[in-house]
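Quick look at what TrEMBL lists:
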type   : residues  : note
DOMAIN : B:7-126   : domain 'Gfo/Idh/MocA-like oxidoreductase N-terminal'
DOMAIN : B:145-260 : domain 'GFO/IDH/MocA-like oxidoreductase'
Protein chains: 2
Amino acid sequence: MAETPTIRFGVIGCADIARKVSRAISLAPNAALYAVGSRSLDKARAFAAANGFPAAAKVHGSYEAVLDDPDVDAVYVPLPTSLHVRWAVLAAQKKKHVLLEKPVALHAAEFDEIVEACESNGVQLMDGTMWMHHPRTAKMRDFLSDSNRFGQLRSIHTHFTFAADADFLENDIRVKPDLDALGSLGDEGWYCLRAILWAANYELPKTVIASRNPELNKAGVILSCGASLHWEDGKVATFHCSFLTNLTMDITAVGTKGTLHVHDFIIPYEEKEASFYAATETGFDDLVSKWIPQPSKHIIKTDIPQEALMVTEFARLVADIKFNNSKPEKKWPTISRKTQLVLDAVKASIERGFEPVQIQE
Amino acid sequence: MAETPTIRFGVIGCADIARKVSRAISLAPNAALYAVGSRSLDKARAFAAANGFPAAAKVHGSYEAVLDDPDVDAVYVPLPTSLHVRWAVLAAQKKKHVLLEKPVALHAAEFDEIVEACESNGVQLMDGTMWMHHPRTAKMRDFLSDSNRFGQLRSIHTHFTFAADADFLENDIRVKPDLDALGSLGDEGWYCLRAILWAANYELPKTVIASRNPELNKAGVILSCGASLHWEDGKVATFHCSFLTNLTMDITAVGTKGTLHVHDFIIPYEEKEASFYAATETGFDDLVSKWIPQPSKHIIKTDIPQEALMVTEFARLVADIKFNNSKPEKKWPTISRKTQLVLDAVKASIERGFEPVQIQE
């Protein structure tokens, strides 16, 4: 068997999340940390030193220099959302494959510019939603897709909150209108909406209605919000996200025959082992005093963490394009766009006084 | 110590749920099965024989005969909701204490008639919401009330669904507009709303908005529905209930410092042991790759099941009134009424095309 081709990554920006993804690039068997760029050369140097970049790695004092490096195959873009369209489009124009943090854009039209640039330059685009790549997610998907064990999805609830500290609420890019203007909705709500769409097999809801009384900071950035989503066939979903309450990350998905529960869907409790609960045709004993059968716990182990599996999958697609002349995989930008579309609808509903907003593809 | 006084129960109606509560009356140390009445004497006789009534128990061919029996202290009323006001009021007038199935009435004004009859006749009124009496519920309450472990409640989601079979969907009283006209909302939604109010320390929400597209049967009875509830201080709750999906009974309650999860809150998986998950100030390791600390599982054992604990508590209050000249405990009808008020608001919101409905006490 031929050696696994190695895809060389450039990281543009030294955000906190880039530390985790840099480690993931090191851990992925088909990827290598090759370059890092920051607006400050010192910052880039310190980042490379602290995050396992090899001694030979290129360290640049600008994002452009990374994009101009002919040996960089792909870039990871952890920049604030408001900078995504500029840098992802430029990366694509420079023929770099793009691994892009979420939310992918400030709104779907902006994301469409990124998609167009990637498509016309033949590069792969994928967002950084790590939990999609955990093997647990595939096992849960098997359960949801099983008409005998789960039946048809009818209701789903997701919850993602964490208690941001005072420094976060004052200084994090996610509370700044000029950086991550979508706030909690863009950060946490992204995961809630992705989980809902994932459970619904990426069928878009017809109508989205934001929950009343979202909490905003002084600059008008969302700190907590929620919504209900409604499909033509009667399926219903609700979600809630907040920067102001204890760490919680739930999916409850209920089908005609089964129920799925997971409480750590975005970041598993443990790095190398994750679980979920599945119930099928649960009922009661004769006096309705106990459950028969009870839900079962499923444990899934991984050798490398989900973010490294994400990098591995992205690098595999990139290698397929680079070495086998394959076309970019459209699945990933397609589900990114759907997530953004629903996110946009939640935002629109908030802005229109919690009126129902119809989703149009 | 004096012997525990025994409260003699009459059961009016032989509904399925009366089997479970009759067993509970047998199990409660301070209660005794004393009489049963049905519109059919044969049915009452068969019920008594099958459900542990002592040989000396009185078996009547009418509900009135039970109410007229001077040795009956208290009645358990498992009749369809539409009959509650008539029989609960009559029972109170006959000086019988009333253990009343839920939903307590078709609407709050009707329940007020029951409360008025019980108050003016000095009898105890309690609804049959069994899980309120499980020791797990007290432990979960301790957690929610702990400002260090849970902080302030900010969001809550409850889910109660079960997959009714074809016979239920055709024939059960809960799908009949003349019997349990509130359908899934009255049956399952009652528990969801009670759990929300319980978590909110019985503070009523200000506004209730029903979820779009509730499912109704041909007779217009609700088979599935949901709503969001909003408090003045920004707390938000959502619930979903359905007769059409797999058995699911969840509470997710999120506070500023903690998170509560329970998946079998109405009927525990096991009769004598129940658990919940509590998390306090959960966060991540440095690379946001695992949770520190993780939620903890709490297991609570009971000697007798929650329905027997409910009967024990009810009989204790009745004995206090009967032997110690105490006043009826107002806590129980008060929380019944609040549950009914919010339930009425959900129904009103559905009827008004999902408009927000203000709750007025």
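Positions of Cβ are set from backbone N, Cα and C atoms, glycine also.
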Confidence summary for the domain 'Gfo/Idh/MocA-like oxidoreductase N-terminal' (B:7-126), mean pLDDT rounded: 97
The domain 'GFO/IDH/MocA-like oxidoreductase' (B:145-260): DSSP-derived helix, strand, coil residue counts: 26 helix, 48 strand, 42 coil
Per-state residue totals over the domain 'Gfo/Idh/MocA-like oxidoreductase N-terminal' (B:7-126) - DSSP helix, strand, coil: 54 helix, 26 strand, 40 coil
